[in-house]
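Following: one structure in C-alpha cells, then a few remarks.
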C-alpha cells in the first residue's frame, strides 16, 4: 500500500519560534539561579515589539529585557533592514506570581496529604491533561522520517545563513517534507518545500540553485531523492518581509513542529516557558523517553504512549499503549512493563531526567525529540536492559 505523509519545520527566526526561544531563555536564566522556581512564561511579538507575560514564583532576580534582547540577537534580528532589531525593539513585561490555588496542589500532592510521605509523592501534577510520547525505528533517531528531514533542512538553512555561505538569507524560514511510504516503510521523498526570508538584492533563480546545492543536497540522502521528487523553493516568488514584521508570533503555537510532525498524537499542551512541575512539558518528555526505550528494546517497531494526570495528584490517572500492529506482545503487558520500569510521578520524572537544570532554550527550535545534536536526558537509551528482563 502506497501513502504520502507530510511534516513541517521552521527556523529559529520564525516569529512563533522566536517567542518559544525567548520564553525558554527566561526559564533557563531563572533556573540557573533558582532551580526550584515556578515559571509559566509566555511571549508574543509583532513589528518592533516583544511582550513577556505570565506567572513566575522565584527568589532570584533576572533582567528579562536583557535576556529578550540577547536571544533576539542570537537568532539574527540585529538590524532594522531585517525587519526587527534587538537593540531598538520595545520590550514589555507583565509578570505575576503563581496562583496560590495551583501552588498548594504542586507543593504537596494528594497522596502526600493522605499520609504517603516521600520526596516524590510531595510533588503533585501542575495541571490536569494528557500527554503523548512516540517512537519509531524508521530512523536512527527513532523519529518519523518526515519531521526528522524537515528539521535537518531548517537547521541547515540557519547554518548556511550564520556561517556566511548564503549571506543573503535572513532568519525567518520554513521547510516541509512529504515522504512516500510503501507497506508502512519510508521509500522516497516525494516533495520538499522550502521558504526562506532573503535580502532584496537576490534573484529567485539564485535562491533556488543555492538552496538545492547548499541545503537540500547537503542533508538529504541521495537514495531518498529521484527524478520524480518535486521541489518548491520560495514558491510565492519573494520573501523579503519576514519575522515579526511579516507575522505576529506567540509562544506555544508550533506544538506539532516541536514533537512528531503530526505522525504521533498530541495532548495539546505546549512546552516552552514552563518549568518541569508542569506535566505538559515534563510528562511529554517522559513519554518520549518511555516510547523510545521500548522501541529500542524491540517491544514494537512503532509505539505511542498516552499519560494522563489530575492536578495536584502525583500518580498518572491512566497509561495507554498503542503499537499500530507492530507490537511483539499484548499492549496491556507493555503497560505492565512501563509501570514496573518507569516511575511517572512528576517528582520522579524531574529527578530521573534531571529537569531542574537550565537545559531548555536549546530545545526551543528544531524539535524537542530526536535531537542527535544534543544530549537530552529523555533521549537516552538507558532502560533497555531493564525492559528486556520482562520480555
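Glycine is treated like the rest: Cβ placed from N, Cα and C.
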Can you say which of 87-97, 98-108, 109-119 is given as region 'Flexible loop' in Swiss-Prot? 98-108
Proximal residue to residue 55 (L-methionine binding site) among binding-site residues 16, 254, 274 (C-alpha distance): 274
By Cβ count within 10 Å, point out the most packed of the binding-site residues listed: 14, 278. 14
For residue 254 (ATP binding site) and residue 278 (L-methionine binding site), what Cα-Cα distance in Å is obtained after rounding to a whole number? 18
Would you measure the largest Cα separation among 14, 172, 173, 174, 238, 239, 247, 253, 254, 270, 274 for the ATP site and round it to whole Å? 36
Using C-alpha positions only, work out which of the binding-site residues 14, 16, 274 is nearest to residue 42 (K(+) binding site). 274
Looking at the binding-site residues 16, 55, the one with the fewest other Cβ atoms inside 10 Å is 55
